[in-house]
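Chemist: Residues or ranges marked as acetyl-CoA binding site in Swiss-Prot: Asn87, Ala144, Ala162, Thr167, Lys168, Arg185. Residues or ranges marked as site 'Transition state stabilizer' in Swiss-Prot: Asn87. Feature annotation from Swiss-Prot assigns active site, proton donor/acceptor to His117.
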Amino acid sequence: MPKLESYKRVHTEELYFPNDQKLWKEQQEALVLLEKFNQTSVTQPEQQMELLKKMFSEIGENCFIQPPFYANFGGKNVHFGTGIYANFNLTLVDDTDIFVGNHVMFGPNVTIDTATHPVSPDLRKRGAQYNKKVYIEENVWLGAGVIVLPGVRIGKNSVIGAGSLVTKDIPDNVVAFGTPCMVKRKINDSDFKTYDHGKKIDLDEFI
């Protein structure tokens, strides 16, 4: 019987057992860096960024993650663009790749999940899982408490309302919310002129 090499199946959407020793060693090393990041003072932004560059697969400039921050593999499979802001308790179940575009905003308590399990109880009791990559495109805003499930893609510029459960792809340039998350409307011209139920945007005169 051939030996199952679980570490080769992590990024392929195939079933595997995560107790593979090679995977466990990689995870331990990543979690040590994550622990250091969460213990770093807010007065040490340079040290925080230095740690994030070691932790993440990719991370651009001007990114900020408010501790505490959680990730299964400490960010090892996370690809961040530039100018990303994440409020506290961002949770990335990064068993496979999570791609986040430039200028994405995460509210507090957002969860991005790539790992899932088969329905079969026999397989689940043995710990079997498989992973599906998640894509958050540029300029997306995820409100507080949003949960994004494995395999989802959220299109650029879209807004996901607080508390939403995103189970399917969301297109570009829409406002969507709910459980399950559904598109409510498109982003339109008035959104560039007003905010909060019709208040005029007046920031241009200060820029």
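Every residue gets a Cβ built from N, Cα and C, even glycine.
Could you tell me the structural context for the features on the list?
Modeler: Lys168 (acetyl-CoA binding site) carries neither a helix nor a strand DSSP state and counts as coil. Every protein chain considered, the tally of other Cβ atoms within 10 Å of the Cβ of Lys168 (acetyl-CoA binding site) stands at 11.
Look at Asn87 (acetyl-CoA binding site): DSSP puts it in coil. Its Cβ placed at the centre, Asn87 (acetyl-CoA binding site) has 17 other Cβ atoms within 10 Å.
Residue environment of His117 (active site, proton donor/acceptor) contains 12 other Cβ atoms, counted within 10 Å of its Cβ in all protein chains.
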Chemist: From the Cα of His117 (active site, proton donor/acceptor) across to the Cα of Asn87 (acetyl-CoA binding site), what is the distance in angstrom?
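Modeler: The Cα atom of Asn87 (acetyl-CoA binding site) is 28 Å away from the Cα atom of His117 (active site, proton donor/acceptor).
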